[in-house]
Every structure is written in structure tokens, then in C-alpha cells.
Amino acid sequence: MGKLLSKIFGNKEMRILMLGLDAAGKTTILYKLKLGQSVTTIPTVGFNVETVTYKNVKFNVWDVGGQDKIRPLWRHYYTGTQGLIFVVDCADRDRIDEARTELHRIINDREMRDAIILIFANKQDLPDAMKPHEIQEKLGLTRIRDRNWYVQPSCATSGDGLSEGLIWLTSNHKL
């Protein structure tokens, strides 16, 4: 009944899992979307979950810590995920290969096979930040042909690119 009412009145929900290496900007993105302002963050041990409403879509966003010791726990959050937001620190060239390995580990899990993939190419405001086409190549996205993915340049602290990412999720998910 709830789904029927959602279809009639236009309220849609989407479960989003936001992952990425530690210090990529996941929590900053979550609270910039939720509160519209930058907040002081500390490394996430465990998770944060918030509902972000944008253009009559309720995004239930799960932001899970990215430290290497926590990453094995990520799979416990996969079930029911409709959209993956993978956040990359574009100024961290030393760990882009590590980010690629983790991204492919996530998307190759059978629980995540139906999730659409949004990459926030974050920290675009920093000098020498990798541009979206470079992120696309270094993450091995061009070889992924059977999945719906998109790279959105972003700056979590200013909010640049964040709403565009939500628009992409909304228009590419079968609600």
C-alpha cells in the first residue's frame, strides 16, 4: 500500500550506501546534503545514517567508515542497496589504486549487482586534483559495460556537484 501511495503522490525512497577510502569526504558530503552547511568531522568508526530529501525523493544514506580495518565490514551494509556513492579524494594520487581495488571488490559482490554507481570525484578545489576523465580511467570504469555508472566532480566543503549527483541517482534509478 505504501509503495502504491508513493507512486501516486510522488514520494520515492532510495537506499544509498556511501563508501570510499578514509578521508575521502564521505561524512562531509552527507552533512552538506543533510544540513546545507559544512560540519567539522572526525574519522567515522562505524556509520552515520541520514535521510536526505531532494526533489520529492527520500535518500536513506548510509555513510560507513573507510579506514582499512573497517572495510571488511562494508559487505554487511550491501543488502537492499539501490545506489552506491563511492567517494574519491582526487588529490590523493598515492591511493587511487587502492580506491580502484576497493571499488571493484564492492561492485563485484552479488549483493551489489543491481546498484547504480555514482562516483563523487571529490576535492576538485585542491591543486593537482585529478579530473573526472582521469578518475574514470584510473578506477577502471571504462571497462565496466554491464553497469550504470557516472563520475560527478565535486567539492564537499562548498557543495559543488552534490545536487547534480543526486539528480543523476534520481534519473537513473528505477524507482
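Going from the start of the chain as shown, residues are counted 1 onward.
Positions of Cβ are set from backbone N, Cα and C atoms, glycine also.
Record features, source Swiss-Prot:
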- G2: N-myristoyl glycine (LIPID)
- 20-27, 63-67, 122-125: GTP binding site (BINDING)
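Features as recorded by Swiss-Prot, highlighted on the structure.
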residue : record           : CB count, 10 Å
G20     : GTP binding site : 25
A23     : GTP binding site : 17
K26     : GTP binding site : 28
V64     : GTP binding site : 21
Q67     : GTP binding site : 12
Q124    : GTP binding site : 20
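According to its DSSP assignment, K26 (GTP binding site) is helical. Under the three-state DSSP scheme, Q67 (GTP binding site) falls in the coil class.
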